[in-house]
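S.K.: Please find one structure pasted underneath; my questions will follow.
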Amino acid sequence: MPTVISASVAPRTGAEPMSPGPIAQAAQDKGTEAGGGNPSGIYSAIISRNFPIIGVKEKTFEQLHKKCLEKKVLFVDPEFPPDETSLFYSQKFPIQFVWKRPPEICENPRFIVGGANRTDICQGDLGDCWFLAAIACLTLNKRLLFRVIPHDQSFTENYAGIFHFQFWRYGDWVDVVIDDCLPTYNNQLVFTKSNHRNEFWNALLEKAYAKLHGSYEALKGGNTTEAMEDFTGGVTEFFEIKDAPRDMYKIMKKAIERGSLMGCSIDDGTNMTYGTSPSGLKMGELIERMVRNMDNSRLRDSDLIPEGCSDDRPTRMIVPVQFETRMACGLVKGHAYSVTGLEEALYKGEKVKLVRLRNPWGQVEWNGSWSDSWKDWSYVDKDEKARLQHQVTEDGEFWMSYDDFIYHFTKLEICNLTADALESDKLQTWTVSVNEGRWVRGCSAGGCRNFPDTFWTNPQYRLKLLEEDDDPDDSEVICSFLVALMQKNRRKDRKLGANLFTIGFAIYEVPKEMHGNKQHLQKDFFLYNASKARSRTYINMREVSERFRLPPSEYVIVPSTYEPHQEGEFILRVFSEKRNLSEEVENTISVDRPVKKKKNKPIIFVSDRANSNKELGVDQETEEGKDNTSPDKQAKSPQLEPGNTDQESEEQRQFRNIFRQIAGDDMEICADELKNVLNRVVNKHKDLKTQGFTLESCRSMIALMDTDGSGRLNLQEFHHLWKKIKTWQKIFKHYDTDQSGTINSYEMRNAVKDAGFHLNNQLYDIITMRYADKYMNIDFDSFICCFVRLEGMFRAFNAFDKDGDGIIKLNVLEWLQLTMYA
């Protein structure tokens with residue numbers, strides 16, 4: 001019986017380290033040995049042939065910057081233009097924003113004023129507090145900050161209106177280039193701004209992140225860990241504070257010491273991501289509130305800067321339009337906070353554990369014990385105050401006791417820069433393997449274990465845990481590892497209607513007799529074997545990760561969406577303390593009853609398609625158990641050769657007579673005649689419920705069975721085709737269990753295997769895309785056409801693979817003849 005897997009809304013964990021150590025280095029390999037780990041390995045032939053349609057390679061920041069300086073022009077980004085298309089996609093904005101460059105907004109604009117720090121960040125009206133909370137955490141780690149935000153940029157030296165930032169994207173670091181045009185209203189920045197009016201690094205960083213996801217609106221609502229991962233490539237872990245371990249404070253302390261990024265939040269009871277408006281609030285209402293907010297914050301005339309004075313005063317701020325729920329204690333539900341420090345302070349002779357948090361609004365703070373204006377600060381020693389940097393200022397940052405923290409907050413997210421367990425006192429070197437894959441509707445999007453008929457079709461990844469942990473205090477022979485599953489590009493595709501899928505994974509132990517066997521595990525295996533481990537829940541967040549401890553062995557990881565038929569891409573990473581091997585399960589591509597090759601005899605290129613099809617006779621003789629001694633003799637079947645009737649059986653004689661009636665005296669049939677004879681036969685099989693073969697299908701059959709390049713089929717060729725169709729018809733009926741005249745595309749895997757073809761996951765995906773209808777069903781005509789093409793292409797490859805090394809070399813004429821006549 002399938003186990004019930006809960007589906008819930010919860011933040012996710014996991015990602016890959018960015019530091020140039022062993023983890024980052026290993027990640028560069030991306031599991032290329034598996035065949036499915038390299039992103040170019042997914043339908044690479046199809047993607048490559050269509051690449052010229054997409055366009056040329058983008059120019060780098062350095063090239064664009066140099067070009068602008070040479071031409072003495074300011075850069076305008078054509079990919080993310082300063083207009084409404086870069087702002088919102090769900091509806092048109094009712095008022096006109098003015099896009100301005102920083103020198104047009106204020107005098108003496110600066111990229112960074114006095115160093116980038118957490119107090120620079122003030123949230124605008126976008127609802128991206130999750131992103132800004134992550135920026136505040138990022139400023140605490142200067143090494144990471146300098147990677148994301150190259151500091152050699154300014155509005156004076158070599159200024160050309162162009163800036164760039166770097167983000168981690170699914171295993172790679174990408175450089176995002178933007179112009180410095182920013183949306184303004186009443187000469188004020190609409191979205192993120194700095195505490196200093198003439199500082200713009202954070203507004204430009206937000207714009208680069210918006211470009212990465214397609215628009216500013218795409219940033220509305222999210223989880224802090226998502227941005228943390230994109231800033232670091234780190235591994236994120238998620239804690240429900242009510243279920244947190246007793247030493248949670250120790251875990252948080254070590255996270256701070258190791259440069260990890262931390263965020264927290266308070267559930268608002270709606271299961272919404274941070275900064276997301278209530279479901280009833282439409283984009284139009286958000287826009288109206290934004291306009292009211294901006295009108296209310298318009299500068300007074302007396303606030304104008306006298307001519308010639310520097311415009312580096314603090315920004316005038318108001319609380320932005322928010323939909324989170326503010327509590328009496330000053331905290332806000334459904335809102336993201338940054339954890340910026342942990343300390344212990346002496347208070348009335350006792351040590352008190354403290355947590356420092358920051359609200360990305362830049363104001364609205366905790367008003368309880370240890371808040372800025374707490375009356376009992378007078379009982380705290382002066383030196384302690386200095387150490388805690390206590391000051392009464394409305395900057396959004398505040399202290400609170402750890403006890404109050406765990407009482408009020410419900411979620412804690414920690415983005416680690418390595419996969420070291422924070423409970424451990426020592427740092428280890430972890431190894432990582434990275435695989436990229438996709439769920440394809442109708443083929444490899446099988447859903448979770450609750451759907452046993454399709455679960456087995458999901459991508460599968462073999463995990464070999466080869467060595468146990470080095471832990472002298474642990475008597476168990478155990479391997480520690482972390483699995484992180486991340487779905488790709490869902491935020492960017494929001495404007496196309498995409499939402500985050502509910503995802504998770506299960507881990508099964510592979511039986512010893514199947515170790516080293518890379519075959520895709522079948523349905524029966526999962527029906528009769530329970531998982532050894534799995535993600536705690538399926539969640540509709542970008543990533544889910546989990547730590548496990550299992551004995552050394554061989555396992556299979558099955559990542560999936562909760563519901564079947566949901567199509568998308570993902571990245572699966574496995575971190576372990578010791579050496580491991582994680583690779584996608586890929587069947588060896590082959591066909592049963594391999595055709596014997598003609599040794600030392602080159603193909604004469606009258607029609608290489610026809611020459612490759614001369615192996616038909618060999619295949620036929622092999623099936624009939626005949627002696628295959630002479631390739632030339634095998635090329636024709638003597639029993640069905642015109643004029644040779646002495647050895648024919650009664651059945652063969654009847655077959656010849658029927659064929660003569662159709663073909664006439666020349667004993668050859670064209671595509672129209674083939675269509676008539678095949679449809680005359682299949683129409684008698686009412687259970688197939690087919691409308692018959694199309695003319696195009698019959699043309700393909702002739703091309704793939706033609707041995708002499710005549711464009712017609714003789715008796716022998718037709719006999720071979722007919723035998724194949726009868727065999728494939730039996731397979732089709734076997735899988736057409738409901739007698740609908742179609743088979744489910746998920747069952748095509750087994751049907752292809754029963755026909756003697758062994759393919760990998762990519763080819764199964766391609767078959768589904770090519771032959772299934774919109775309901776993911778394959779009718780009899782498409783079924784036969786698929787098998788005819790498979791047989792013909794295997795046979796053609798075999799004929800051209802003269803030395804049997806699995807590689808063929810064709811010139812352009814050979815390639816076009818082979819593919820056009822198919």
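Using N, Cα and C of the backbone, Cβ positions are placed for all residues, glycine too.
Features from Swiss-Prot:
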BINDING   A663, D666, E668, E673  Ca(2+) 1 binding site
BINDING   D706, D708, S710, R712, E717  Ca(2+) 2 binding site
COMPBIAS  623-635  compositional bias 'Basic and acidic residues'
DOMAIN    74-418  domain 'Calpain catalytic'
DOMAIN    650-684  domain 'EF-hand 1'
DOMAIN    693-726  domain 'EF-hand 2'
DOMAIN    723-758  domain 'EF-hand 3'
DOMAIN    788-822  domain 'EF-hand 4'
REGION    419-587  region 'Domain III'
REGION    588-650  region 'Linker'
REGION    651-822  region 'Domain IV'
S.K.: Within 8 Å of the Cβ centre of A663, D666, E668, E673, which other residues of the chain have their Cβ, at the recorded Ca(2+) 1 site?
M.R.: I662, G664, M667, I669, C670, R712, L713, N714
S.K.: Specify the count of other C-beta atoms within 10 Å of the C-beta of D666 (Ca(2+) 1 binding site).
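M.R.: The Cβ of D666 (Ca(2+) 1 binding site) has 10 Cβ neighbours within 10 Å.
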S.K.: At a 10 Å cut-off from the C-beta of E717 (Ca(2+) 2 binding site), count the other C-beta atoms across all protein chains.
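M.R.: So the number of other Cβ atoms within 10 Å of E717 (Ca(2+) 2 binding site) is 24.
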S.K.: To the nearest Å, how far is the Cα of E673 (Ca(2+) 1 binding site) from the Cα of R712 (Ca(2+) 2 binding site)?
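M.R.: Cα to Cα, E673 (Ca(2+) 1 binding site) and R712 (Ca(2+) 2 binding site) are separated by 10 Å.
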S.K.: So what's the average pLDDT for the region 'Domain IV' (651-822)?
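M.R.: Here the mean pLDDT over the region 'Domain IV' (651-822) amounts to 87.
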S.K.: Check each residue in the chain of R712 (Ca(2+) 2 binding site) that is at least six apart in sequence and keep those whose C-beta is under 8 Å from its C-beta; list them in sequence order.
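M.R.: Looking at Cβ-Cβ distances below 8 Å from R712 (Ca(2+) 2 binding site), excluding near sequence neighbours, one finds E668, I669, C670, I702, D706.
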S.K.: For E668 (Ca(2+) 1 binding site), what is the secondary structure state per DSSP, taken as helix, strand or coil?
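M.R.: Its secondary structure by DSSP: strand.
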S.K.: Given a 10 Å Cβ-Cβ cut-off, pick out the one of the binding-site residues A663, D706 that has the most other Cβ atoms nearby.
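M.R.: Output for this query is D706.
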S.K.: Would you mind checking how many other C-beta atoms are within 10 angstroms of the C-beta on E673 (Ca(2+) 1 binding site)?
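M.R.: Counting Cβ neighbours of E673 (Ca(2+) 1 binding site) within 10 Å gives 18.
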S.K.: Going by a 10 angstroms cut-off between Cβ atoms, which of the binding-site residues E668, D708 has the sparsest surroundings?
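M.R.: Counting other Cβ atoms within 10 Å of each of the binding-site residues E668, D708, the minimum falls on D708.
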S.K.: Do you know offhand how many angstrom separate E717 (Ca(2+) 2 binding site) and D666 (Ca(2+) 1 binding site) by C-alpha?
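M.R.: About 14 Å separates the two Cα atoms.
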S.K.: Which of the three DSSP states, helix, strand or coil, fits D706 (Ca(2+) 2 binding site)?
M.R.: coil
S.K.: For the domain 'EF-hand 4' (788-822), jot down how many residues DSSP puts in helix, in strand and in coil.
M.R.: 22 helix, 0 strand, 13 coil
S.K.: Write out the long-range same-chain contacts of S710 (Ca(2+) 2 binding site), meaning residues 6 or more apart in sequence whose Cβ is under 8 Å from its Cβ.
M.R.: E668
S.K.: DSSP on R712 (Ca(2+) 2 binding site), three-state: which is it?
M.R.: coil
S.K.: Hey, how far is D708 (Ca(2+) 2 binding site) from D666 (Ca(2+) 1 binding site), Cα to Cα, in Å?
M.R.: 15
S.K.: Let's see if you can do this one: DSSP helix, strand and coil counts over the domain 'EF-hand 3' (723-758), in that order.
M.R.: 23 helix, 5 strand, 8 coil
S.K.: Tell me whether E673 (Ca(2+) 1 binding site) sits in a helix, a strand or coil according to DSSP.
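M.R.: E673 (Ca(2+) 1 binding site) sits in a helix per DSSP.
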